[in-house]
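Notes for the one structure printed next.
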Amino acid sequence: MFSISLLSCLFLGTVPALAQTGGERRLSPEKSEIWGPGLKAHVVLPARYFYIRAVDTSGEQFTSSPGEKVFQVKISAPDEQFTRVGVQVLDRKDGSFIVRYRMYASYRNLKIEVKHHGQHVAESPYVLRGPVYHENCDCPLEDSAAWLREMNCSETISQIQKDLAHFPTVDPEKIAAEIPKRFGQRQSLCHYTLKDNKVYIKTHGEHVGFRIFMDAILLSLTRKVRMPDVEFFVNLGDWPLEKKKSNSNIQPIFSWCGSTESRDIVMPTYDLTDSVLETMGRVSLDMMSVQANTGPPWESKNSTAVWRGRDSRKERLELVKLSRKHPELIDAAFTNFFFFKHDESLYGPIVKHISFFDFFKHKYQINIDGTVAAYRLPYLLVGDSVVLKQDSIYYEHFYNELQPWKHYIPVKSNLSDLLEKLKWAKEHDAEAKKIAKAGQEFARNNLMGDDIFCYYFKLFQGYANLQVSEPQIREGMKRVEPQSEDDLFPCTCHRRKAKDEL
């Protein structure tokens with residue numbers, strides 16, 4: 001996907017730079033803009049990133065691509081002979097670019113040069129005065145308030161406030177005894193304790209493989225910031241668990257999906273979390289890669305709605321049925337049968353998977369529940385198609401911030417008005433395009449990697465403040481071992497060294 005070399009730069013695409021004179025627009029290196037968290041030494045992310053906005057010589061911003069190779073990016077460590085950094089320049093096709101880079105070692109300082117035809121852009125070169133730590137470096141900032149400021153985290157997050165409002169207090173002693181009794185035999189749970197910035201776990205139930213996603217984000221957080229001592233339970237299953245109607249004796253359980261019929265505390269989904277941790281690693285679908293693969297411009301997109309997936313909900317069967325009746329409006333098909341195998345002859349045959357990026361050849365994306373909320377919604381929103389979202393009792397951590405008719409087109413849960421909504425979108429093309437743009441902006445501004453880290457920390461911080469007894473390393477718990485250091489490029493934490501010298 002990318003190479004690592006002495007100075008690693010990767011550029012996507014082959015469109016030449018715009019450098020014409022005369023009546024053509026000319027890109028201005030001086031007036032173009034560069035900003036973002038990847039220019040700050042102390043913002044540690046698995047893949048750091050910043051933005052470039054192309055501006056012409058008259059000061060006007062480009063609103064379409066000025067060419068995918070107009071900017072050249074070089075990242076180096078002036079004090080080192082070798083620099084292990086993978087770099088990608090992603091053209092968002094709207095006049096802006098994401099530059100993302102993944103570090104495989106830590107450096108005293110880091111120099112970022114952005115050029116256009118050999119000329120520095122904006123205030124390039126940018127020097128990150130370090131140490132600048134890579135993702136696997138265990139060097140937490142002790143001052144969590146300072147970390148929150150560096151990360152530019154929101155003061156309050158409404159979904160967290162709503163979820164925690166069900167629990168005026170939390171007693172770790174009580175939940176340690178009661179939750180395993182109530183849920184431990186029938187469900188898949190992880191009992192975690194964070195103590196002295198170390199992670200401990202005890203699993204309950206048979207199918208606990210998904211703990212790897214929770215282990216990974218907790219270890220990543222503890223490498224970056226001093227986490228509060230906290231004890232909690234994570235539901236590894238699809239469905240939210242705490243369904244008691246009254247507040248009496250409800251249990252705080254963390255889940256990746258919430259519902260209007262449950263009281264679970266919602267976290268970012270394991271899918272979105274994993275895509276953040278593995279950006280420029282083992283995943284190819286993430287919130288940044290989508291932005292560089294949004295297909296043709298709106299006017300050139302296919303005017304049918306597209307959907308692919310498995311048969312995990314009866315409404316999906318209805319969608320495929322609608323597609324067969326109205327192929328001029330909907331292109332929907334199953335890629336796998338599992339839940340309704342006996343109906344495969346009616347709703348099959350199954351079709352081959354298509355690249356997620358190929359979805360954006362279509363103007364209209366249908367988001368419909370699977371077993372719970374469809375975890376693809378963040379990626380659909382950050383593309384440049386308009387999303388038709390099914391009404392649902394299920395929600396992810398950000399749904400309460402979305403507004404129907406502003407960020408997406410709502411569709412009734414039984415899909416009875418889907419055809420009507422599609423026809424509306426076709427007849428109101430400019431309005432549909434505006435909704436697509438608003439949804440995209442929401443995802444760009446709220447669902448990036450730093451937003452996910454902020455959400456997790458604020459959630460655990462708020463939960464820890466409710467505890468009325470001290471979290472404990474319970475009987476049967478084992479430490480979640482951190483990743484071993486790279487012997488070739490070890491991490492030397494200056495914070496730990498300074499603390500040891502006190």
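Yeah, the Cβs are placed from backbone N, Cα and C, and that goes for glycine too.
Residues or ranges marked as signal peptide in Swiss-Prot: 1-19. Residues annotated as repeat 'Filamin' in Swiss-Prot: 24-130. As annotated by Swiss-Prot, N-linked glycosylation site applies to ASN152, ASN302, ASN414, with the evidence given as sequence analysis. Marked as motif 'Prevents secretion from ER' by Swiss-Prot: 499-502.
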Across the motif 'Prevents secretion from ER' (499-502), average pLDDT on the 0 to 100 scale: 46
Per-residue Cβ crowding (10 Å cut-off), top of glycosylation sites ASN152, ASN302, ASN414: ASN302
DSSP three-state assignment for ASN302 (N-linked glycosylation site): strand
Rounded Cα-Cα span from ASN302 (N-linked glycosylation site) to ASN152 (N-linked glycosylation site), Å: 39
ASN302 (N-linked glycosylation site) to ASN414 (N-linked glycosylation site) - Cα separation in whole Å: 25
Three-state secondary structure, ASN414 (N-linked glycosylation site) (per DSSP): coil
Reduced DSSP assignment, ASN152 (N-linked glycosylation site): coil
